[in-house]
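The structure under discussion appears below in the form of structure tokens.
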Amino acid sequence: VVPNSSCVKSAQFEIERELKIHSTLHHGNVVKLFTTFKTAAHFYMVLEKMECTLRDVLDRNGKIVEEKSVLVMIGVFGGLQYCHQQEVVHRDVKPENVLMNGYETVKLADFGVSTRLKPKTFCGTMGYIAPEMFTGQSYSSSVDMFATGIMCHEMTIGDIEQFCTPDDKSVRSPYQPPKTMSKDLGDLIRSLTSTSVKKRPTALEALHSRWIVDTDTKRRARLAAIEVDEM
């Protein structure tokens, strides 16, 4: 809901841009936009109902074990792969914009600062912003991938202090994973948060990373074993 008045023209512009982009996106890992309408006082967007955000889960639990984190990232990478195929850069990937119905239903939301390629505007949330966005030059969908690397760290460790300098700008690589983190996840985060855009994996490549494939395979095998034991 956004106030429909002349004093919030910038907010209305963001909403119009979000509607224009969001209305073209139809994917299982992107929250559905059903319809929009406005009154004299407010502008309304009717979205698919979801239980909570990833931020809600982190606030409640502190962090998430890797076996469950991988489910979240399969959804996030799946949604980003689709968006990037449509030449849409989200530009504000963070836990607040990841909606969930449990760990296996994960969808991207809030396309208010998203754009079609090729963007130059500085935007996003400090701590999740890729280094190249500070240069004022054109950037690509790889800025979203950088943010997913920060989010992977935050989910499994519980904070993003490692990525923030005193003035709140993203730290410039290389990523040093904590000892409690698996090697495969550490390697994935290191590549996602690389200062070299060319070294960052695409969303599709991330979906095929060793951490995603092996962790999810082990999770499925464990669940299958439990089902057999219960028979």
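Glycine is treated like the rest: Cβ placed from N, Cα and C.
Taken from TrEMBL, the feature domain 'Protein kinase' applies to 1-212.
For Asp92, the entry in TrEMBL reads active site, proton acceptor. In the three-state DSSP scheme, Asp92 (active site, proton acceptor) is classed as coil.
What TrEMBL records for Lys94 is SUMO2 cross-link.
Summarising the annotation, TrEMBL assigns ATP binding site to Glu96, Asn97, Asp110. Non-local contacts of Glu96 (ATP binding site) by the CB criterion (under 8 A, 6+ apart in sequence, same chain) comprise Thr53, Leu54, Arg55, Asp110.
The binding residues for ATP are recorded as Glu96, Asn97, Asp110; their greatest pairwise CA distance is 9 Å.
Within 8 Å of the centroid defined by the CB atoms of Glu96, Asn97, Asp110, the record's ATP site, lie the Cβ atoms of Thr53, Asp92, Lys94, Pro95, Val98, Ala109, excluding the listed residues themselves.
Over the domain 'Protein kinase' (1-212) the predicted model carries a mean pLDDT of 84.
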